[in-house]
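> Before we start, here is the structure in question, set down as structure tokens.
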Amino acid sequence: MLTHYQLCFQKRSSQNYTVPDPTSCFDVPPWTILCQRATMIMHNNSSALPLFSNVSSFWKRDSHGPGLLDEGASLIGSYDSPETTESFPFSTVETTNSSLNATIKDPLGGHAVWQVVLIAFLTGIIALVTIIGNILVIVSFKVNKQLKTVNNYFLLSLACADLIIGVISMNLFTTYIIMGHWALGNLACDLWLSIDYVASNASVMNLLVISFDRYFSITRPLTYRAKRTTKRAGVMIGLAWIISFVLWAPAILFWQYFVGKRTVPLDECFIQFLSEPIITFGTAIAAFYLPVTIMSILYWRIYKETEKRTKELAGLQASGSEAETARFVHQTGSSRSLSSYELQRQSTKRSSRRKYRRCHFWLTMKSWEPNTDQGDQEHSSSDSWNNNDAAASLENSASSDEEDITAETRAIYSIVLKLPGHSAILNSTKLPSSEDLNESADELQKSDTDSQEKKPKKLQPPKSIQDGGSFQKSFSKLPIQPGSAETATASDGISSVTKTSAALPLSFKEATLAKKFALKTRSQITKRKRMSLIKEKKAAQTLSAILFAFIITWTPYNIMVLVNTFCDCVPKTVWNLGYWLCYINSTVNPVCYALCNKMFRNTFKMLLLCQCDKRKRRKQQYQQRQSVIFHKRIPREAS
């Protein structure tokens, strides 16, 4: 049997020989083409050798010339002898060649070595950072009890989805890019695509849940946070994963059975139904465009609400040097000024307020009017003292840095004023005005005069007070009623004046007490609001960073998906980059936590520096010392 080398030798010895065609005078192709074809078939595949077992018929088949030439001519489809008794099996050779091409693909996918090294290095670094970052989030949630909040449960679910992407999706897609073809079969392809799309969409759904949680926590802090439990958070997380699974997994795994055939080639891996425009648009809208629209709207509302809270807090923390008015707020929320407590502060320095103290308030009372009539001086002095004492009582019960009483403290007034046993206060819709106080004082003086009690005495000679002008006013002492008395000391040389608590209406005392409690708790309320606002700002910053990263990384791919539905005009390199950008979002999320959340940042640092064991040891040592101290104290106490 002649080998293929012998055939090529005989071919080269007769290179100039041509076979005349008795019917069409067709020139046979050069010997070079025929030799290359025969050599490839017989050298690369032993299964093709039986085709040439009858070498004599293959080499010299008829009288027109060497049979090899005849067979070579028929092999390229250009010569067919009518006297041929055997035909060369052309279809078998072509099938063999196609199988050879499938099994001898370039393992580097046509890439140069340096390109493969660069791709593997970059994608490997990104995958490693993704895995480490999301593992840090999960471990931080485990070791730090302060991170076990409802909001962080959503971040934990997001980290799990991103970890799946880093471990499975990134590495398989990198292998697919480098090799240039899919080498793991159809089943592995469908499973990879299912895990990839479900985890990616779960990441999106978790971001959507976090956005809703932040929005309701800020806009409905009382009603929503009472219902915001760990169990409800688990239900919402479960729904996010279930929706993602239902949206992608069945369609990816069973679409070939729905349509009755699989159109994805064996050496490629992509979603089969992406060629259907309606389904592609539907999944793109449900998986990306609708969630990103909702998240953008929610974030805008969160931003506006946070800005509004910031302005309110700035109003609560307004400087005492600014002109402000102490206001009581009606329970319906409408602001209503009360003249007896309307302490119209002038824009003066604190030193001026300390200098004049009560006199400053006495001079700025609206109800006080200078009276030069000597006959009415005592009565006017009594009225003026009434008003001035009201202001002085308020000044004694609060610091000089009082702030406006806004809606946050109206509940305190309601509680204090609605004490049992005071029907007059319960039935009143507003606190007594200065006119009411004046009338009460007038009636009290009149009743005292009728009962022939002692008349009010002059306390001191008139004293001049300088505050933008000269005022001269004398003070009178109100009649003393039976009961406990208080002593109010006037500053700047004004002598002590003794008055009774019964001289003022009971409602005024309760109003003063209400203001005292309100101002005392005001700093605590402001502090709590400030801390709450800081937390809301941090949460909004974290959400904004995550949302921004999500939009940047996911938009290119989802645009290419829609474009690819109508035309196959997206370059393969651009498609791979867009696909990888979606993966990078899973890398960015843990970085957003670390940059925007101090608690996560400190826990990351503790874990990376291996300080967790040291912290536990210090805690154990502290507990042991405390135990020793406790046991030492017991015998002493027993003795």
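Even glycines carry a Cβ here, placed using N, Cα and C.
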> Are Ser140 and Cys567, as given in Swiss-Prot, on the same side of the membrane?
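No, Swiss-Prot places Ser140 and Cys567 on opposite sides of the membrane.
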> Given the candidates Asn101, Asn438, specify the residue that Swiss-Prot annotates with N-linked glycosylation site.
Asn101
> Based on what Swiss-Prot says, identify which of Asn54, Asn201 is the N-linked glycosylation site one.
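When Swiss-Prot is consulted, N-linked glycosylation site appears for Asn54.
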> Based on what Swiss-Prot records, which one of Cys35, Cys269 is disulphide-bonded to Cys189?
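Recorded disulfide partner of Cys189 in Swiss-Prot: Cys269.
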> Which of the listed positions, Asn45, Asn585, does Swiss-Prot note as N-linked glycosylation site?
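Matching Asn45, Asn585 against Swiss-Prot annotations yields Asn45.
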> Considering the residues Asn44, Asn427, which is the one that Swiss-Prot annotates as N-linked glycosylation site?
Asn44
> Which sequence positions outside the transmembrane segment (116-139), separated from its termini by at least 6 residues, show Cβ-Cβ distances below 8 Å to it?
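The answer is 108, 155-156, 159-160, 162-163, 165-167, 170-171, 174, 177-178, 580, 583-584, 586-587, 589-591, 593, 600, 603-604, 607-608.
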> Return the stretch with the most CB pairs under 8 A relative to the transmembrane segment (233-255), choosing among 153-173, 543-563, 577-596.
153-173
> Are there residues at least six beyond either end of the topological domain 'Extracellular' (564-576) with Cβ under 8 Å to its Cβ atoms? List them, or say none.
177, 274-277, 280-281
> Is the transmembrane segment (577-596) packed against any residues at least 6 beyond its ends, judged by a Cβ distance under 8 Å, and which are they?
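Distal contacts: 123, 126, 129-130, 133-134, 136-137, 155, 158-159, 161-163, 165-166, 169-170, 173, 200, 203, 538, 541-542, 545-546, 549-550, 552-554, 556-557, 560, 604.
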> 10 Å Cβ neighbour count around Cys189 (disulfide bond)?
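Total other Cβ atoms inside 10 Å, all chains included: 20.
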> What are the DSSP helix/strand/coil residue counts across the topological domain 'Extracellular' (174-190)?
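Going through the topological domain 'Extracellular' (174-190) residue by residue, I get 11 helix, 0 strand, 6 coil.
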> Average the pLDDT scores across the topological domain 'Extracellular' (1-115) and report the rounded value.
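Mean pLDDT, the topological domain 'Extracellular' (1-115): 48.
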> Mind checking how the topological domain 'Cytoplasmic' (213-232) divides into helix, strand and coil residues in DSSP?
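Per DSSP, the residues of the topological domain 'Cytoplasmic' (213-232) fall into 17 helix, 0 strand, 3 coil.
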> Looking only at the topological domain 'Extracellular' (256-277), how are its residues distributed among DSSP helix, strand and coil?
9 helix, 0 strand, 13 coil
